[in-house]
Structure formats: structure tokens, C-alpha cells
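Asks: Here it is, the structure, as C-alpha cells.
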Amino acid sequence: MEPTNTNRSVLLSSGYTMPIVGLGMFLSKDENELDTAVTAALEIGYRHFDTAFSYANEVFLGRTLKRVFSEKRIARENLFITTKLPPNGLHPDNVEYFFRKSLEELQLEYIDLYLIHFPVAAKRTDDDYAIFPTTNGVFAGEDVDPLDTWKVLEDLVDKGLIRSIGLSNFNSEQVKRIYEAARIKPAVLQVECHAYLPQYELHDLCKELKIALTAYSPIGAPGQQRDKEYALISDPELKPLCEKYEKSPAQVLLRYLVQRGIIVIPKSTNPKRLAENIQDLGNHEIGVSSPDGT
């Protein structure tokens with residue numbers, strides 16, 4: 001089950017390689033659908049899967065991975081698995097508990113990339129999946145310095161349980177603060193990034209600090225778009241590019257990010273779209289103008 005002309009990889013500052021295209025699992029709540037999608041993705045050539053504790057689907061992915069490993073379809077070392085620490089796990093006393101729960105549900109011995117999902121901490125309640133708990137309708141936050149959270153992640157790297165650590169939804173100042181104080185530097189920053197939100201300045205900072213940037217919602221999250229008329233994937237400016245390069249709108253949008261060296265994790269359960277999202281888009285560069293016209 002070897003991919004052909006699909007998975008370019010990015011060398012992380014941690015020394016590990018990360019496939020530049022992965023399968024995002026946000027909002028994947030149906031176990032059968034997820035199992036079918038992951039199985040199809042593996043056949044197509046995906047080797048990178050992105051989940052999170054807060055998605056409440058790690059257990060589904062874990063069962064699928066256990067099955068494909070037992071069937072000897074692919075070896076564990078050929079996959080790259082990302083998951084994330086939820087806001088209610090940011091307190092240093094809670095980090096290892098939530099990490100080990102993810103590890104158990106994924107049925108893995110180590111995680112390739114573990115991210116702090118949000119820079120804001122929430123109080124832990126009796127419900128582990130109450131990631132943004134409220135008290136009388138008000139968010140129940142907790143005063144936690146992410147640097148203290150980071151130190152626990154560094155310890156988990158030292159124990160061989162995590163290969164690379166990183167951040168998600170952090171802004172430039174928050175990233176720099178972690179980077180400057182960290183013993184083990186962040187390897188990856190994951191944020192929303194697409195042609196409508198290109199994140200040029202944040203990407204420049206990441207390049208300067210040798211942090212790989214991962215784009216979630218790389219085609220603008222059409223499944224969540226309330227007003228389809230204004231969905232990125234339906235933008236009329238895409239049509240001439242699609243015709244010129246003989247590619248789908250999603251392929252053009254993904255190529256725009258990949259050619260900038262940005263990792264993408266589009267979500268799909270449709271085998272045709274899964275294949276389109278990962279297939280090689282050719283050696284040409286797609287000309288998409290930035291807001292200043294350059």
C-alpha cells in the first residue's frame with residue numbers, strides 16, 4: 001500500500017518528517033463513516049491523519065488503525081498522527097492525564113505530533129469532554145500560563161511518548177513567547193489558513209523560527225459555510241484558474257498553500273475528493289494574487 005506521486009513531506013525542526021497533505025477529522029462523528037474514509041485514504045496514499053481530543057473521535061481512529069495494522073496493510077512507523085491537548089487539560093497537573101487518554105484511545109505507543117489546541121485554559125470538570133465549560137452561562141476559564149503546560153509536553157518528549165510538539169490557534173506574540181522560553185522548540189503551528197485568510201505575517205514568523213505551518217480549513221470549510229454564495233470554493237475568480245490548470249477548485253486552493261510550503265489537512269469522506277485533495281498538482285505554480293495584487 002505505497003502512495004504514488006502524493007505525499008511530499010516537510011522536515012520539522014524536531015528532525016522528523018511530516019507529510020504536507022493530511023486528512024483532517026474535525027466534525028467526523030460517525031464511526032462507520034470515519035472508518036471508511038480512513039481506509040480509503042490509506043489506499044489512496046494518505047499517511048498523515050489529524051485529530052484532537054476535543055473532536056471525540058480518537059477512539060474511532062484508534063480502532064481503524066488497530067485493524068489496518070493487524071491486517072499488515074501498513075506499518076505504524078509509516079504513519080504520522082497528530083492530536084491535540086484540550087483547553088481543560090492545560091493545567092500542568094492535567095496535561096499527562098489527557099495525553100495518556102488520547103494515547104489509549106488511539107491505541108498507539110507514541111504520538112507523532114501533539115499540539116496545545118488553544119492558548120486559553122478551561123477549568124476541568126467531571127466531564128472530560130466539557131472542553132469549554134460554563135458557569136451560569138459564562139466561560140469557566142482558568143489562569144494557566146501555557147509555558148507551564150509546555151514544560152510538561154517537553155517531559156513527554158523526553159519519555160519518548162511524543163516525537164514533536166507544537167501549537168494551535170496561537171497568535172504571533174504567543175508563539176514567540178513559547179519559542180523564546182522553550183527548551184524544545186515548537187515544531188508546528190496549526191491555524192486557519194486559506195486564500196481568504198492567507199496568514200502572510202504569521203507564516204513569515206514561522207519561517208524565521210523554523211516552525212512548520214499547518215492550515216486547517218484550507219479550502220474555507222465549505223461544509224460549515226452558512227452562506228454558500230460567499231464560500232471560498234465557489235469564488236468566481238477560481239473558475240479561470242481551474243480551466244487553465246484543469247484542476248478542481250479544491251485542488252487549486254490546496255496547491256496555493258502547498259506551493260508556499262504550508263501543510264494542509266482538508267476534510268473529506270468522499271473517495272473521489274480524497275484522491276483529488278492529495279494527488280500531485282504538477283510542477284507549475286498556480287498564480288493566485290495576494291490582497292495587494294502581487
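Note: Cβ is positioned from N, Cα and C throughout, glycine not excepted.
Nobody curates TrEMBL annotations by hand; they come from automatic prediction.
Residues annotated as domain 'NADP-dependent oxidoreductase' in TrEMBL: 29-279. For Y55, the entry in TrEMBL reads active site, proton donor. The site 'Lowers pKa of active site Tyr' annotation in TrEMBL covers K84. Among the features that TrEMBL reports, substrate binding site is placed at H117.
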Asks: When the pLDDT values for the domain 'NADP-dependent oxidoreductase' (29-279) are averaged, what is the result?
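Replies: 94, rounded to a whole number.
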Asks: Determine, to the nearest whole angstrom, how far the Cα atom of K84 (site 'Lowers pKa of active site Tyr') is from the Cα atom of the residue listed as 'substrate binding site'.
Replies: 5
Asks: If you count the other Cβ atoms within 10 Å of each Cβ, which of the recorded positions K84, H117 comes out on top?
Replies: K84
Asks: I'm trying to understand the geometry here, so how far is the Cα atom of H117 (substrate binding site) from the Cα atom of the residue listed as 'active site, proton donor', in Å to the nearest whole number?
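Replies: Between the alpha carbons of H117 (substrate binding site) and the residue listed as 'active site, proton donor' there are 11 Å.
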Asks: For the residue listed as 'active site, proton donor', what residues in its own chain, 6 or more apart in sequence, show a Cβ-Cβ distance under 8 Å?
Replies: M25, F26, L27, S28
